[in-house]
Amino acid sequence: MRGRSKPQHVTETYMSDWIAIGALAAVGLLIPVAMMVVSALLRPSVPETGKSTTYESGETPTGTTRIRFNIQYYMVALLFVVFDIETVLLFPWVTIYRPALEAGVPMIDLLWPMLAFVGILAIGLVWAWRTGAVKWTRSPRATRRKTEREVNQ
Amino acid sequence: MADAPAQLFPEFLVDTFGLPGVLGEVVAALIAAFVVGNIVLAFTGVAGPWAKRKITAAFTDRIAVSRVGPFGLLIIPASAVQLLAKELIVPEGVDRPTWDLAPIILPASALLGFAVIPMGQIGPVNLHLADPEVGFALVFAFASIASVSLVMAGYGSNNKYSMLGGLRAVAQNLAYEIPLIVTAMSVVIFAGTLEMSGIVAAQSETLVSIGGFDIPAWYALVNPFAFVLFLAANMAEIGRNPFDIPEAPTEIVAGYQTEYSSSYFVLFYLGEFVHIFLGGAILAVTFLGGPAGPGPESISFLWFVVKVWGFFLFTQWCRSALPRVRIDQLIEIGWKGMLVLSFANLVLTAVIVGVIA
């Protein structure tokens, strides 16, 4: 079974795979939209001013939500992009690895390009680890507050 | 198990009813997609209003939903009508198209993942919509669209709790996406193909024979370490305990879905359940032999149901038993623990396969 080519129906069904995926995408959109429509027909509408207030645990909302603040994992997000592209580039390698072995290519010839590739990124990860990029950064304010609390106790 | 792979579901319909040409293919694909979509909806229908309550009640020594119908089963239609008939409250300052689109994207993307999942056979019908050559990569791509929806809901709601939930969803995805996919890759090294049917077929080979009973080479048995790693990353991918920090009911109310009501809330709830079942289906295909099991091939759908529901039960067990990790712990576990382990697993698997093969 392994490394087999597509069964006999390859040419005629190559397209129909994607037709089927498209069909499920259509059904997948249809179901939520249908539920929204049914609900719109069923539900009452009794608008009151209090109801549409933004929920803030029962308090009157203060200020807007869309402010600028430190999301703390900015560096991690940058690192993620690099590693995500790496996984995409590794997919072809893992797919051909075993078929190539069975075709008689020596293991070391197959392994070293992948090890070199992963190795470069591993060095990057070690660097990020050492410089604290994958650590949850504490804002100076939070640290200050915490120390104040500890001092007060 | 050496038979030719069974026909895909749309092809089966084309052949059985003699539907001609491209139009016939489209019609067959739509019918097949509708059936698959409704099977998944039936799973979530049973899981959401009924099984989840029953399971949680059993774990916490209570009685739940027992009044309506036998075993309380009629609570399912009752809840459906009740939830759909609720008033939709649109809070002040929501970002309208974003806020409305988010509850469509979550269930749609999770359902789309089932397009490439081999769900086994009922009689002659093979419940498998499509088997493209890149199926295995595709299913992860579909499954991770969900976090886009969570960010949209978090940003669109104009609520601080929702915003935090959306941002946490991103942090979680950043931390676990790579270990998940790299661990899944170690399975592709064994199977040598990205086709879902190929990965299932590779697992039907015999690992060892004990007393005439063949134990199949399910990758959970071949590489239990990868299985555990994948299971943990999968729980994070679908946002269940101990990694349910985007919702975190005890910290940020309901996270990204705080401001949703009526059908919009139902769609989020439904989408999450579809996502849990998709996670279970991916786990089953990757590590548990897909729909394979004892007995004839024609009942293999039952085995698929057993495996997927087993995973659902596991998520509910974790929900009752495990504490939630903190977000800074999550980043540390993801980047310092699981990422390193998953790459070690990948390299080791490659070396071992190279030495044995």
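Cβ from N, Cα, C; glycine included.
Curation does not apply to TrEMBL; its annotations are automatic.
As the structure is a computational prediction, the values presented were derived from the model and not from experiment.
Copied over from TrEMBL:
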type	residues	note
TRANSMEM	B:26-51	transmembrane segment
TRANSMEM	B:63-84	transmembrane segment
TRANSMEM	B:134-155	transmembrane segment
TRANSMEM	B:175-194	transmembrane segment
TRANSMEM	B:215-236	transmembrane segment
TRANSMEM	B:266-288	transmembrane segment
TRANSMEM	B:300-317	transmembrane segment
TRANSMEM	B:337-356	transmembrane segment
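Counted as Cβ pairs under 8 Å, contacts with the transmembrane segment (B:175-194) are highest for B:337-356 among B:26-51, B:63-84, B:300-317, B:337-356. Listed as Cβ neighbours of the transmembrane segment (B:26-51) (distance under 8 Å, sequence separation of 6 or more from its ends, same chain) are residues 9-11, 13-14, 17, 19, 65, 72-73, 75-76, 78-80, 111, 114-115, 119, 127, 129, 269-270, 273-274, 276-277, 308-309, 312, 316.
The stretches the transmembrane segment (B:266-288) and the transmembrane segment (B:337-356) do not meet in space: the count of Cβ pairs below 8 angstroms, excluding pairs fewer than 6 apart in sequence, stays at fewer than three.
Stretch with the most C-beta contacts under 8 angstroms to the transmembrane segment (B:215-236), considering only B:63-84, B:134-155, B:337-356: B:337-356. A Cβ distance under 8 Å defines the sequence-distant neighbours of the transmembrane segment (B:63-84), meaning residues of its chain 6+ beyond its ends; these are 45-46, 48-50, 53-54, 56-57, 262-263, 265-266.
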